[in-house]
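This report refers to the structure that appears directly beneath it.
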Amino acid sequence: MKAPLLLGLLLLSVTVQGKVFERCDLARTLKRLGLAGFKGVSLANWMCLAKWESDYNTKATNYNPGSRSTDYGIFQINSRYWCNDGKTPRAVNSCHIPCSDLLKDDITQAVACAKRVVSDPNGIRAWVAWRAHCENQDVSQYVRNCGV
């Protein structure tokens, strides 16, 4: 009786954790999905952003009580402006996707939405973590020895 319960709890924890990318695996994936140089933003800057926003975790979420919105996924894309989570007041959903799409292990939709975000006038500066940890920094370490 205890073994099936333990197995069930183990599987649940794996499901909730999602995929945590290895650094170079994420760098190769982002390059393949066209983020390297998109809107003038280097792959190293995207990697720095993903490191500080989610620690490369596809299932990362962060609730913002002030705006009653939530940041979702590897890029921590916000439900106020970019996706629909069904609970954020006055959500815009500029990426035209459910926020749950940003939590998938396949980050194709997250990358497409990140491209939409960075295409706005604020560009990469839309992300607080990028401004705090990546702007005007040597971000080459995030792609070092990845062959990208």
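Even glycines carry a Cβ here, placed using N, Cα and C.
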Which residue in the list C113, C134 does Swiss-Prot annotate as forming a disulfide bond with C95?
C113
Choosing among C24, C48, which residue does Swiss-Prot name as bonded to C134 by a disulfide?
C48
Counting only residues 6+ away in sequence within the same chain, which have a CB under 8 Å from the CB of C24 (disulfide bond)?
V143, N145, C146, G147, V148
Limited to the domain 'C-type lysozyme' (19-148), I'd like the whole-number average of pLDDT.
97
Which one of these disulfide-bonded residues, C48, C95, C134, C146, has the sparsest Cβ neighbourhood, judged by other Cβ atoms within 10 angstroms?
C146
Give the distance between the Cα atoms of C48 (disulfide bond) and D71 (active site), rounded to the nearest whole Å.
17
With helix taken as DSSP H, G or I, strand as E or B and everything else coil, how many residues of the domain 'C-type lysozyme' (19-148) land in each class?
54 helix, 14 strand, 62 coil
